[in-house]
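Colleague: Below is the structure I would like to discuss, written out as structure tokens.
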Amino acid sequence: MKPIIIANWKMNPASLKEAKSLFSAVSKKIKKTSSEIVFCPPSAYLFLFQKKQGFKLGAQNCHWEERGAFTGEVSALQLSSLGCSYIILGHSERRKQGETSETVKNKVNSVLESGLMPVLCIGESREQRDRGEEQKVLEQQILESLEGISQNKLKTKGLCIAYEPVWAIGTGMPCDPEEAQKMMLFIKKVVSGIYPLDKIKILYGGSVNSKNAEEYIKESGYDGLLVGGSSLDPEEFSKISKLF
């Protein structure tokens, strides 16, 4: 199974001109890779990636309703019509804005019903880890975000779960690969009580770079990576994508 490498551009770059330049530079460098590459640019730039070959397109968020009076929102169905295959959900940067596991659950359900792959983000804060609560936090996030979602809904696409310790995101302090492996095994244990594991892919995210990326997949056993800052550097992201 080839690794999934997701590039989360977040709210970058600042202009359409920069986005075109970045996409051009990155796409030229990642042609020779056996990984499944997924680009998740800001919604305003999704059209740049339409009809391009050699990678998948994803979004960073969606609303749980298909349509309606939800100013400023975009639905999973609409994103599907733009060519998206993946949608990131429950990222810690959105949870900081008040997004709850109940909201995330509704979004996961909507994404699955639209025939797309949800990328459910989970992770503990520094304070929670210092108190030894990391497993409790992850279990709660998983169970609450997937409550009521049947195995049958995962038959077509399955589900990605991205472990992103909040304290490692954008800090340059990635999780130790050995500790990351422990968390991956714990996630599998929790999820196995709900779904067949062959329908679940577990990704690591949090200060991923070309120097540590290989450890998370080949040593820690993750199925892929959710890459933030390094995905905005064509040379760095190219190195990551070509490791596998």
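Quick reminder: no glycine exception, Cβ is built from N, Cα and C everywhere.
Grabbed the feature section from TrEMBL, which reads as follows:
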type: ACT_SITE; residues: His91; note: active site, electrophile
type: ACT_SITE; residues: Glu164; note: active site, proton acceptor
type: BINDING; residues: Asn8, Trp9, Lys10, Gly170, Ser207, Gly228, Gly229; note: substrate binding site
Colleague: Calculate the distance in Å between the alpha carbons (Cα) of Trp9 (substrate binding site) and Glu164 (active site, proton acceptor), and round it to a whole number.
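Modeller: If we compare the Cα positions of Trp9 (substrate binding site) and Glu164 (active site, proton acceptor), the gap is 15 Å.
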Colleague: Rounded to whole angstrom, what's the largest C-alpha distance between any two of Asn8, Trp9, Lys10, Gly170, Ser207, Gly228, Gly229, listed as binding substrate?
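Modeller: For the residues that bind substrate, the greatest Cα distance is 14 Å.
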Colleague: Taking the Cβ of Glu164 (active site, proton acceptor) as the centre, how many other Cβ atoms fall within a 10 Å radius?
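Modeller: Neighbour count, Cβ to Cβ under the 10 Å cut-off: 25.
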Colleague: Taking every protein chain in this structure into account, which of the binding-site residues Gly170, Gly229 has the most other Cβ atoms within 10 Å of its Cβ?
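Modeller: Max Cβ neighbours within 10 Å, all protein chains included: Gly229.
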Colleague: Measuring Cα to Cα, tell me the gap between the residue listed as 'active site, proton acceptor' and Lys10 (substrate binding site) in whole angstrom.
Modeller: 15
Colleague: Roughly how many Å lie between the Cα atoms of Gly170 (substrate binding site) and His91 (active site, electrophile), rounded to a whole value?
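Modeller: If we compare the Cα positions of Gly170 (substrate binding site) and His91 (active site, electrophile), the gap is 13 Å.
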Colleague: Work out how many Å separate Asn8 (substrate binding site) and His91 (active site, electrophile) at their Cα atoms, rounded off.
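Modeller: Given the Cα positions, Asn8 (substrate binding site) is 11 Å from His91 (active site, electrophile).
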Colleague: Which residues, sitting 6 or more apart from Gly228 (substrate binding site) on the same chain, put a CB under 8 Å from its CB?
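Modeller: Listed in sequence order, they are Asn8, Lys10, Ile169, Gly170, Gly205, Ser207, Val208.
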Colleague: For a quick check of understanding: among the binding-site residues Asn8, Ser207, which residue's Cβ has the most other Cβ atoms within 10 Å?
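Modeller: Highest number of other Cβ atoms within 10 Å: Asn8.
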Colleague: Using Cα coordinates, what distance in whole Å links Gly229 (substrate binding site) and the residue listed as 'active site, electrophile'?
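Modeller: Roughly 15 Å, rounded to the nearest whole number.
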